[in-house]
């Protein structure tokens, strides 16, 4: 691509009130360093768990770190799609997004090292066929497609896959599980801080995905059907991952019930439809400064806090 101008030099400068740059500024303001998290108490807490509990938690952590690594590797075509569309603000935000995914990979690996889980953990994913289909097939295929087809429809498919199903259902459900483990048992303070920090980052990631789908739906109503179809394809796969995880254990640790996590994941997925649908027929200029995607993620976080405070 030949460069002909610099958008940062345009009259009026950059629109700092636009959603992507609002998220970019928020990420800068909330910067954190994994090395600052104290994992020193987590080793003793980890060893106080039963073998069954450690096995379950290791599988949960393996899914997280492998997922963070996958997105670190797969997200680049979305940046190129933003460049092809001439959206500097989105491109700036996605550079931060990619950095944060790499940082999340780092911090989960640091935690595993701190609690002594240094063996090969790949086996913890071998018995999770839905997880492997999502991360080994659906995610890379939908993002790599943007390298040759950066169209709005392809962007909506990619965002629905990652931001709405993987982050917006699977990851949120996993964070909820970590909160239940840590808060109910009053253990693993380092993991609690790790999840709090990552959750804050990923609320911005999900908000960007919602914003991206909303602006494409506002521009062309046909993209609503693209979003709806992709979500309906993948939601059953996301819920199946919960089935796969619970099916591996005759005895379920931590007092967990499969139905609780299925309901949690389904609720988060279904509520995303309304936020995207509300953009239909809207003016693009309105969508660009509409912060409802971020407000939705903050609402989810506040709801979780209330539930966990009740169970503590």
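Cβ coordinates are placed from backbone N, Cα and C, and glycine is handled just like the others.
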Per Swiss-Prot, member of 68, 137, 138 binding Mn(2+) alongside 101, 104: 68
Same-site Fe cation binder from 144, 167, 251, given that Swiss-Prot records 101, 202, 205: 167
Rounded distance in angstrom between the Cα atoms of residue 202 (Fe cation binding site) and residue 104 (Mn(2+) binding site): 10
Where residue 205 (Fe cation binding site) falls in three-state DSSP terms: helix
Other CB atoms, at most 10 A from the CB of residue 202 (Fe cation binding site): 22
Rounded distance in angstrom between the Cα atoms of residue 68 (Mn(2+) binding site) and residue 167 (Fe cation binding site): 10
Fe cation site, defined by 101, 167, 202, 205: further same-chain residues with Cβ within 8 Å of the Cβ centre: 71, 97, 100, 104, 162, 163, 171, 201, 204, 206
